[in-house]
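A.B. asks: This is the structure, below, for whatever I ask next.
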Amino acid sequence: MLPLGGAMALVTVNLRAVTSWVGIARLFAILLSCISFSLVASTRNFGPPYGTWCMFSWCFCFIVTVLIVLLELLELYPKLPLSWDDFTSAFSMLAALMIFTSSVVFPSAFITSPCSSSSCMRQAAATAMSCLCFLAYALEVGLTRAKPGDISSFLSTVPGLLKVFEAYVACLIFSLLDSYGSQPGLQWCVAVYSICFIVTLLIIIFTIGRCLSYMPCPLEKVLVAYNALAMVMYLTAIVIWPFYSFNNKSRPSPCGANCSWNKHLGVTFLTIFNFLAYLVDLVYSTKMVFIRTPS
């Protein structure tokens, strides 16, 4: 700890915020995300919707990570009315997912072969930096993940990280939804996505805001019941969504990026991913609640 003099005497500097392995991973994430959006900005070719999303992801992760490092460096985070460990764990998982998505979407949408122009080379370099940035955030997730038996910070446990993943995948599903209003089966699936997203998001927000302790019922068992219900609801969506979306419907030709058939196929795969996430979440939550490891 290094005390600052004068008017800043009450502020201390915690150098571990930038010298620990977690701090180093965050510094790399800051540098790599900055390089990524700077390279893409220099090409002036990042139109909506995919380019705008990628630029938002890099800039958002850069800004929030800088704030996290500064708050830990100056030891100001204890003054915030939130669970800092839960917040940083949730953000690192979210950032890893956002940067991973951008690392896949951006080259698919903007890089063409052969890549010989200066603009294309910068786009390729930005993609490479984005991939490395994803690895930096993934390293942070691994370093901050709670050890078996440690549940002091829920969002740093496997079920907590899965909650962030489930909410993010639901957001991706919403981004692909277009036509579903005329068929009750598709309406049910959208209701499944919406209900599970809202409940999962509330769990994340209440955890970060330290509000879950006020619940009048045992939280751990409520989460197990919710995960089981969400898994069953997603199981129905796995069957109903493709049945109503593809029954007696062939893929049109041509079918570009905004083709409804492709979007419905994307929703199908994302539904399967979230079903598996809720299944793993249920297994881990059940193990944490009902299976006690002898100390």
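The backbone N, Cα and C atoms fix where each Cβ goes, glycine too.
Checked TrEMBL, it gives:
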- 17-149: domain 'MARVEL' (DOMAIN)
- 20-41: transmembrane segment (TRANSMEM)
- 53-71: transmembrane segment (TRANSMEM)
- 91-112: transmembrane segment (TRANSMEM)
- 124-143: transmembrane segment (TRANSMEM)
- 154-290: domain 'MARVEL' (DOMAIN)
- 185-212: transmembrane segment (TRANSMEM)
- 224-244: transmembrane segment (TRANSMEM)
- 264-284: transmembrane segment (TRANSMEM)
A.B. asks: Taking all residues of the domain 'MARVEL' (17-149) together, what is their mean pLDDT?
C.D. replies: 89
A.B. asks: How do the residues of the domain 'MARVEL' (154-290) split into helix, strand and coil according to DSSP?
C.D. replies: 109 helix, 0 strand, 28 coil
